[in-house]
Every structure is written in C-alpha cells, then in structure tokens.
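Q: The feature active site, cysteine persulfide intermediate is assigned by TrEMBL to CYS348. Here TrEMBL flags ALA93, THR94, ASN173, GLN201, SER221, GLY222, HIS223, THR262 as pyridoxal 5'-phosphate binding site. The feature [2Fe-2S] cluster binding site is assigned by TrEMBL to CYS348. Among the features that TrEMBL reports, domain 'Aminotransferase class V' is placed at 25-389. Residues or ranges marked as N6-(pyridoxal phosphate)lysine by TrEMBL: LYS224.
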Amino acid sequence: MSATVNGNGNGNGSVTAPAGVKLPIYMDNHATTQLDPRVLEAMMPYLTTIYGNAASRNHQFGWVAEQAVETAREQIAKLIGASAKEIIFTSGATESDNLAIKGVAEMYRERGNHIITQVTEHKAILDTCKRLEKAGYRVTYLPVKADGLVDLEDLKRAIDDKTILVTIMFANNEIGVVQPVAEIGKICRERNVIFHTDAVQAVGKIPVDVNKMNIDLLSLSGHKLYGPKGVGALYVRRRNPRVQISEQINGGGHERGMRSGTLNVPGIVGLGRACEIAGEEMEAESKRLIALRDKLKHKLEGSLDYIHVNGSMEHRLPGSLNMSFVYVEGESLLMGINDVAVSSGSACTSATLEPSYVLKALGLGDDVAHSSIRFGLGRFNSEAEVDYVADKVIDVVQKLRELSPLYEMVKEGIDISKIEWQAH
Ligand SMILES: *Cc1c(COP(=O)(O)O)cnc(C)c1O
C-alpha cells in the first residue's frame, strides 16, 4: 500500500475542516496506531529507573524486570484465551510469522514438506513461504473468493499426507476481511495439521480465543493495537497438542529456547498494557468504530455513484473500509485528499506503482485497484473527522469526474466496454 499525507493546512478544495478537527487527519490505523497515553505511562518507569535485564537472576534489578515481563505475558495471554507460558516475545509480527513458519517447517521436516497458505496474506507470510519453496518445501497458495474469504472446500482438498502447516490470516490488513478461523482450526485439528494464524489486525479488535478456535500458533504485534513498535509475540500451543518450533535466532536460550535475545522490557510492558486496555474496551470500541465506519460508507454512497466496497461487509473488522471510486484516477484522488492519511490500492514498489495484489486477488482490474482507498478508523478518530473526510472525498471525486470523459460517456449510457479504442 502506498500512503499519503501532507500537512499543508486546508488542502486545496472547497471543503474546509470544522473547528476542533486538526489536520492532517490520521485514518491509516491498519498501517500502525498511535501509542495510547496509558501505554506510555506504563512503559515510562522501564525506560528510566527500572532498567534491569529480565534474565539477571542474581539481583533485585533483574527480578523486578522479570516480574514486569511475566505480568505482560499474562495480560497478552488473557486477551487471546491462552496461558502465560504459551507467549513468546519477539521484535514484531514479521518475526513472529517467520518464527512460526520456519520453526514448524524445520521441526516437522520428517513428517512432511507441504505448507498451505492463501494469496492475500501479508508479505511476512508470503515471502517466508517463498523462501521455504527454494529450500525444497511445497507451498499451496489458496485463492480467495470475490468477497475475500477463503473457500473451506479448497482448503480441505489441499490438505494431503505431507501437509505439516496451514497458515491463514485472521483478518486482512488491506480489506479488513475476517476469515472463518474457527472453521479452519476445526478442519486442521481433524486432519492433524498445525494451524498458524497471523492475527495482527484482529487481536484487540475482535474476540480471539485460541482454544475455541483450535489455533496452534498465533502472531500479534504491539503497534497495531496502540502499543509500541518493535515488539510482538508468538503464541505457541503447549498442550492438546503440544506444538514445537525450532528457534530461528540462536544464543542464550531465552523464551524457553524458542527465541534468544535480551527482552525488550519497556516494549513488552507496553504490549501487555495495550492488550489489557483492548480487553477492557473492545466491546464499546468496536461498536463505536462500526458506527463511524458505516457512517462514512453511507455518506459516500449517498452522494457518489460507481463506488463499491472491497471485501465482505459482513465478515469485516470494525474500523475497516476499503472502497473503489471507479472512473477516478487514483493518484489524483490521493493528491486531492492530501490532508487525510489513508492508503491507496497501489503498492509502492521500487520504481513502478503496482496495483495491490490483495485487490487483484478479489478480481479487480488494475485501474479500479488504483482508484481504491483503505480507510482505517481507530481509537483516536472522532465523528467530526469522519464527516470531514467524507465531505472531502465526495468533493474531490465529483471534481475529478467532471474532468473524466469516461465518466461522461457512462452517464450518457454508452457501454464503454464495447468501444474499440483507436490506437495512435
Ligand atoms: C503489520 C502487519 C504485520 C507485520 O507486523 P510488524 O510488527 O510490523 O512486523 C504482519 N501481518 C499483518 C497482517 C500486519 O498487518
């Protein structure tokens, strides 16, 4: 995804921000979230006076740090229905995903070499799988349906006697679609296959329960739930069945031998507090975000034609809305709303602007993918911000379409799919 933001005050349109709305507006909460001030408060002592190494067993400094880490472990475990001993701290979800997939692949190599994932996964999953393919593993990339959901029959058919791991994300970071994780877990358990889920976008936003959902491994990240960046965790099931992974970072044998390295105590304390707050406030927060998201959608749909939501509306994260604005050039749209931080359906690669592979997997053409916007609402967004963003997008889309010959033709009833364009 490519993001845009430009804090040059009121932008260039006729819609101005009402008093109380500060520009630029952050509406990209799938990319990262603002640190909750309550999380910072919990972290502060561990960034200043309480600086012991949690692995120092011989003195007070170490014990206090270790105690704080164990409290965080419990807070995180509680949010996902796990026990504290099943939480392994990492540097973030990219590392958790790597550790889960490579750790299982290496540990269960004698049992099989087949891994199943799906095409709309985060790059942390896809690139790890590609790496394993080079090392002789076989990977099946399941397609998704037009609504972004994986087909459970496809999954059942893909499992064979060499399958050691299924890794399917809980909720997608681009389109917000929530996969049928409990059903996937059930299928994997019945077939005796380990199930990992990248739950970065789901944890703290919607209910997650590793036991009810038969999840064996689960990745989460601090900065996606109002915690600090650079800290995450991997849940590793300890019983029914006990899952083993081989460590990918050697040295010192921290974290039950699964991930060596001195623990990031302030980060871990922050992640724990962030999970605690999420557990307490999830219900009310998700109601509020659903209302804001639906308001944004209804306002846009009330004033604009030829727009559509990408991905299932029913199986969706509370704060997530990905919409395509057909007959609008994507770059111009983003430029027009440059006082709002959102992401587009274009993936910034080194030189070219590629359409998002997630949107393409839903069947969108390149043009429509480019003219798509991901709105990511979060804890610190207000209703006034949503109103402003909706008005601004409507204004910009209408102006761009006034300049669009394609849109004019469509309005006049010309079937543009039948036009034979003249090449010059
Ligand atoms: C952000 C994200 C990641 C990567 O997490 P980091 O902690 O930033 O490494 C992985 N998967 C998904 C679905 C994400 O949204």
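Using N, Cα and C of the backbone, Cβ positions are placed for all residues, glycine too.
Note: TrEMBL annotation is automatic and uncurated.
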Q: If you measure from the C-alpha of the residue listed as 'N6-(pyridoxal phosphate)lysine', which of the binding-site residues THR94, GLN201, THR262 fall inside 10 Å?
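A: Neighbours among binding-site residues, in sequence order: GLN201.
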Q: Give the residue from the recorded positions HIS223, LYS224 that has the most other Cβ atoms within 10 Å of its Cβ, counting over every protein chain displayed.
A: LYS224
Q: Taking ligand 1 as the reference and 6 angstroms as the Cβ limit (strictly under), which binding-site residues among THR94, GLY222, THR262 are close?
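A: So the answer is THR94.
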Q: If you skip the near sequence neighbours and keep only those at least six away, which residues in the chain come within under 8 angstroms of GLN201 (pyridoxal 5'-phosphate binding site), Cβ to Cβ?
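A: Correct list: HIS30, MET169, PHE170, ALA171, ASN172, ASN173, GLY176, LYS224, LEU317, SER320.
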Q: For the pyridoxal 5'-phosphate binding site, please report the maximum Cα-Cα distance among ALA93, THR94, ASN173, GLN201, SER221, GLY222, HIS223, THR262 in Å.
A: 30
Q: Test of understanding: give the count of other CB atoms lying within 10 angstroms of the CB of THR94 (pyridoxal 5'-phosphate binding site).
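A: So the number of other Cβ atoms within 10 Å of THR94 (pyridoxal 5'-phosphate binding site) is 20.
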Q: For SER221 (pyridoxal 5'-phosphate binding site), name the DSSP secondary structure in the helix/strand/coil scheme.
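A: It is in a strand.
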Q: So of SER221, THR262, which of the binding-site residues has the fewest other Cβ atoms within 10 Å around its own Cβ?
A: THR262
Q: Would you identify which of the binding-site residues ALA93, GLY222 has the most other C-beta atoms lying within 10 angstroms of its C-beta?
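A: Max Cβ neighbours within 10 Å, all protein chains included: GLY222.
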Q: What average pLDDT is reported by the model for the domain 'Aminotransferase class V' (25-389)?
A: 96
